[in-house]
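Asker: Have a look at this one.
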Amino acid sequence: MKLTIIGSGYVGLTTGACFAEVGHQVLCVDNDEAKVKSLQAGEIPIFEPGLESLVRKNVAARRLQFTTSTEEGVDHGEVLFIAVPTPPQADGSVDLSFIEKVAREIAQYLSSYRVIVDKSTVPVKTGERVASTIRRHAKPGAEFDVVSNPEFLREGCAVADLMRPDRIVIGGNSDRALALMQKIYEPFVAPVLVTDINSAELIKHAANSFLALKISYINALAEICEVSGADVLKVAEGIGADKRIGRGFLNAGLGYGGSCFPKDVSAFIAIAEQLGLPFDLLKEVQKINIRQVDRFLDAIREALWVLKDKKIAVWGLSFKPNTDDVRSSVAVNLVERLVAEGALVSAYDPQAMPKAAELPMASKIRFASSALDAAADAEVLIIATEWPEFASADLASLRSTMRTPLIFDGRNLLDPVAVRDFGFQYRGIGRGIVAERG
Ligand SMILES: NC(=O)C1=CN([C@@H]2O[C@H](COP(=O)(O)OP(=O)(O)OC[C@H]3O[C@@H](n4cnc5c(N)ncnc54)[C@H](O)[C@@H]3O)[C@@H](O)[C@H]2O)C=CC1
Ligand SMILES: O=C(O)[C@H]1O[C@H](OP(=O)(O)OP(=O)(O)OC[C@H]2O[C@@H](n3ccc(=O)[nH]c3=O)[C@H](O)[C@@H]2O)[C@H](O)[C@@H](O)[C@@H]1O
């Protein structure tokens, strides 16, 4: 089928490449000229395992193309996916101006039947607004349907998630549009859940908020473990073994970050409030998340006394491993706070340093050439992102290069016993029992 994706960022590009891979003719539109030029030249602006080869292969096969022209996009695809940003506003509610603008642009060029699909994460009832906006701006009698098709991919494994999703959610109220959507997803082996538009929109915010809630739950337990002398890893294993709970998203750490959970939890709180229903449970989720970094910093201050002029090594800047995305990264937030207190930070990340170098804090830290280089002469090493290469670090060399052997593991990546054998003092998250034994 001929498909158009409007917005060729993280979701647009990965989705477009996967649609092309299963045989669809995909045109990706973006209004960022430089981005489109580099995509046309075969340069992929994000680090995502498997994406580059997928894009190159499908561009070569002429199943995947890029343009800056929305008019061309509306002309090309019978189904138009909107994958533009839905960033947070100062009060936490969603800025829908990108969606509204695209709806108006589509309306301007509508000449024959099109299905307009919201793939961006949007508040419930946005589909209704998109439809009324298009109706207002299109020629009288223009034929179209609006569908909600939220995206559940995770960065770092986006291609695998898209090719084999747990489920595909399609919200719509027109048989014609729903039939086309089912046809698009036919090549993907995944259960398809068809709903009304409002339910589909709600599913996305509800899913992300529930996952954030799971993370905050285990982080709250981590604090109890620290105080009571228990090990949160064992507790997570014990409760996660219950199939009704599941082990996923029970990794205690510095809390959730990234371009989605923080904004989507805030958005869901604002959406509920607009409906007259305060969602205090999610406010607590946010508080616990903020508290994780506060507690971690308190422990570092406790160990070092003052942070000013202390050499601190930080491993990891991306918001999670296997991505170079630093948007709302907890690691970056931590570095900013250390720098604000006068610490001398040396940071290393296997992929995210070019993107981190564009952030305001970049001029105030040293970007190291390797994990060991970051740790040279440091008084403390902080692990902020659990990149696999950090787990296999040469502990003997690390010990000899650091000034004082102190490790704060914000992602419970290292084995405390092995680390202590090399003479380090170790502190993880929620590992009270381990601390006692040490
Ligand atoms: N990043 C992720 O892992 C996921 C994101 N989402 C949601 O998908 C949406 C998009 O997110 P990302 O792809 O991360 O954003 P992004 O910022 O990476 O990409 C958005 C793209 O849209 C382009 N754009 C903006 N206005 C445009 C217009 N009028 N015409 C054409 N292009 C335009 C931008 O230039 C940019 O390239 C958001 O609602 C997000 O919450 C959903 C699931 C996963
Ligand atoms: O809407 C979105 O954009 C996406 O948001 C998340 O995906 P993503 O943000 O890419 O990454 P996750 O793997 O969910 O991690 C999010 C954050 O939670 C943290 N996390 C995750 C799991 C865990 O057990 N503990 C934990 O602290 C990670 O370190 C990271 O900072 C969801 O998992 C996707 O389903 C969703 O499509």
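The backbone N, Cα and C atoms fix where each Cβ goes, glycine too.
TrEMBL does not curate its annotations; it predicts them automatically.
As listed in TrEMBL for this protein:
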{"type": "ACT_SITE", "residues": "CYS260", "note": "active site, nucleophile"}
{"type": "BINDING", "residues": "ASP30, LYS35, THR86, THR121, GLU155, LYS263, ARG327", "note": "NAD(+) binding site"}
{"type": "BINDING", "residues": "PHE152, LEU153, ARG154, GLU155, LYS204, PHE249, LEU250, ASN251, ALA252, GLY253, GLY257, LYS320", "note": "substrate binding site"}
{"type": "DOMAIN", "residues": "313-416", "note": "domain 'UDP-glucose/GDP-mannose dehydrogenase C-terminal'"}
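Would you situate these features in the structure and describe their surroundings?
Answerer: Listed in sequence order, the residues of the same chain lying 6 or more apart from CYS260 (active site, nucleophile) and placing their CB within less than 8 Å of its CB are THR121, ASN208. According to its DSSP assignment, CYS260 (active site, nucleophile) is coil.
Same-chain residues at least 6 positions away in sequence with a Cβ under 8 Å from that of LYS263 (NAD(+) binding site) are, in sequence order, THR86, PRO87, PRO88, VAL94, SER328.
Secondary structure at ALA252 (substrate binding site), as computed by DSSP, is coil.
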Asker: Which binding-site residues are spatial neighbours of GLY257 (substrate binding site) here, meaning Cα within 10 Å, out of ASP30, LYS35, GLU155, ARG327?
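Answerer: Passing the 10 Å Cα cut: ARG327.
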Asker: Those binding-site residues, LYS35, ARG154, GLU155, ALA252, GLY257: which ones have a Cβ sitting under 6 Å from ligand 2?
Answerer: ARG154, GLU155, GLY257
Asker: Rank aside, I only need the closest one: which of the binding-site residues PHE152, LEU250, ALA252 has its C-alpha nearest to that of LYS35 (NAD(+) binding site)?
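Answerer: Comparing Cα positions, the candidate nearest LYS35 (NAD(+) binding site) turns out to be PHE152.
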Asker: Taking the residues PHE152, LEU153, ARG154, GLU155, LYS204, PHE249, LEU250, ASN251, ALA252, GLY253, GLY257, LYS320 listed for substrate, what is the greatest CA to CA distance in Å, to the nearest whole number?
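Answerer: The widest Cα-Cα gap among those binding residues is 24 Å.
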Asker: Across all chains shown, how many C-beta atoms besides its own are within 10 angstroms of the C-beta of PHE152 (substrate binding site)?
Answerer: 16
Asker: Find the longest CA to CA distance in the recorded NAD(+)-binding set ASP30, LYS35, THR86, THR121, GLU155, LYS263, ARG327; express it in Å as a whole number.
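Answerer: It comes out at 24 Å between the most distant Cα atoms.
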